[in-house]
Number of protein chains: 2
Amino acid sequence: MTIRYPNGKKFQNKRILSHKKNDKNKDERFSNRGMSLEEDINVTNEYYRSHHIAIIHKKPTPLQIVNVNYPKRSAAVVTEAYFKKPSTTDYNGVYKGRYIDFEAKETKNKTSFPLKNFHDHQITHMKEVISHHGFAFALLRFSLLDEVYLLKAEDLFSFYDEQDKKRKSIPKREIESCGYLIPIGFHPRIDYLKTIDKILSVE
Amino acid sequence: MTIRYPNGKKFQNKRILSHKKNDKNKDERFSNRGMSLEEDINVTNEYYRSHHIAIIHKKPTPLQIVNVNYPKRSAAVVTEAYFKKPSTTDYNGVYKGRYIDFEAKETKNKTSFPLKNFHDHQITHMKEVISHHGFAFALLRFSLLDEVYLLKAEDLFSFYDEQDKKRKSIPKREIESCGYLIPIGFHPRIDYLKTIDKILSVE
């Protein structure tokens with residue numbers, strides 16, 4: 001059941017994946033296992049919104065709609081649509097007047113983060129955001145270790161742009177040294193804005 | 001062929017509508033007629049992006065995906081999905097470090113702009129954006145007059161919130177007096193950022 005973009009990269013339907021996980025592996029003893037990164041971030045963003053901290057939303061999955069049926073007296077049904085390659089990152093919004101933009105990815109690897117998780121378009125988009133003084137970054141989860149790191153986009157670029165010459169993944173020790181481990185909590189679950197506060201206070 | 005949201009409001013599939021228009025009414029003598037507002041804004045945003053002025057994208061149409069088919073050796077097909085009520089506006093991005101957020105709507109009316117074009121969620125979202133110091137507004141096109149106005153969200157709210165007591169539409173003379181007429185050009189077509197520059201330089 002692998003979905004691929006036209007360029008051969010895998011499409012991760014996080015909603016479907018997370019349902020599978022919930023069915024098979026849900027174990028309440030472990031804090032976040034069984035919850036997809038996307039779900040955790042959505043809950044975090046809703047916490048930020050309802051507590052008047054920031055307005056950050058996930059963008060809908062981009063689909064090319066080809067066919068729509070209009071049954072009488074009920075909702076329109078899209079009966080044919082295709083996944084499009086995203087031209088931006090998944091999340092953006094506003095925090096203290098500042099434009100925030102990020103991508104969230106997870107891996108089951110324990111020692112490195114595969115760069116194939118990112119698309120060229122997303123990297124280009126993040127570079128553009130930075131050139132217009134937005135704040136762009138990636139949230140990287142090592143799902144089997146239950147660790148989430150914030151990696152500034154500038155640091156991600158240096159690995160992404162060198163992957164043909166060097167390696168196709170970012171070693172975890174590099175992420176530990178140039179990224180920021182985000183403590184996992186309950187409310188909010190992944191408090192990435194607290195980490196951004198720290199970064200911005202130093203800059 | 002009217003699609004309705006669960007609350008009874010019409011869903012405007014601008015892409016499909018614009019194709020229809022192009023088929024039936026395209027008349028090259030008239031500058032923008034036949035081009036949907038969405039297409040004009042997308043072209044404008046692409047101009048801003050390629051000229052390093054701003055990064056502003058339209059969000060994909062939100063769909064609830066129910067069923068996906070995975071044919072062998074070809075792209076996955078969404079075979080059942082439903083339109084969801086958007087919880088944000090359609091466009092956002094970054095301009096000179098500032099968070100920009102807006103909704104674009106058009107009407108065939110000539111003397112007023114119907115408020116039913118806006119959803120409660122979108123108005124709430126714009127209020128939240130402003131409370132976090134983002135810049136939120138609406139682009140309103142009177143399509144038969146070929147006029148596009150920028151109306152600051154704060155001005156839109158005053159009409160939207162009073163519609164049950166007062167009228168269900170904004171009189172055009174009010175839009176002319178508190179909004180900003182955007183000159184229509186070729187590159188870019190709808191230069192709304194120039195209008196924002198003027199507004200911000202006064203504030």
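Backbone N, Cα and C atoms are what each Cβ position is placed from, and that goes for glycine too.
Annotated features in TrEMBL:
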- B:THR88, B:ASP90, B:GLU103, B:GLN122: Mg(2+) binding site (BINDING)
- B:LYS105: site 'Transition state stabilizer' (SITE)
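Recorded features from TrEMBL, shown on the structure.
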residue	record	DSSP (3 states)
B:THR88	Mg(2+) binding site	coil
B:GLU103	Mg(2+) binding site	strand
B:GLN122	Mg(2+) binding site	helix
Beyond the site residues B:THR88, B:ASP90, B:GLU103, B:GLN122: chain residues whose C-beta lies within 8 Å of the centroid, for Mg(2+): B:LYS59, B:PRO86, B:THR89, B:TYR91, B:ASP101, B:PHE102, B:HIS119, B:HIS125, B:MET126
Which listed residue (B:ASP90, B:GLU103) has most other Cβ within 10 Å, given these are binding-site residues: B:GLU103
Short-range recorded positions relative to chain A, from B:THR88, B:ASP90, B:GLU103, B:LYS105, B:GLN122, with Cβ separation under 8 Å: B:THR88
Distance [Cα-Cα, Å, rounded] between B:THR88 (Mg(2+) binding site) and B:LYS105 (site 'Transition state stabilizer'): 14
For B:GLN122 (Mg(2+) binding site): intrachain residues, at least 6 apart, with Cβ closer than 8 Å: B:PRO86, B:THR88, B:THR89, B:GLU103
Surrounding CB atoms that lie within 10 Å of the CB of B:LYS105 (site 'Transition state stabilizer'), all protein chains: 19
Whole-number Å value for how far B:ASP90 (Mg(2+) binding site) lies from B:LYS105 (site 'Transition state stabilizer') (Cα to Cα): 10
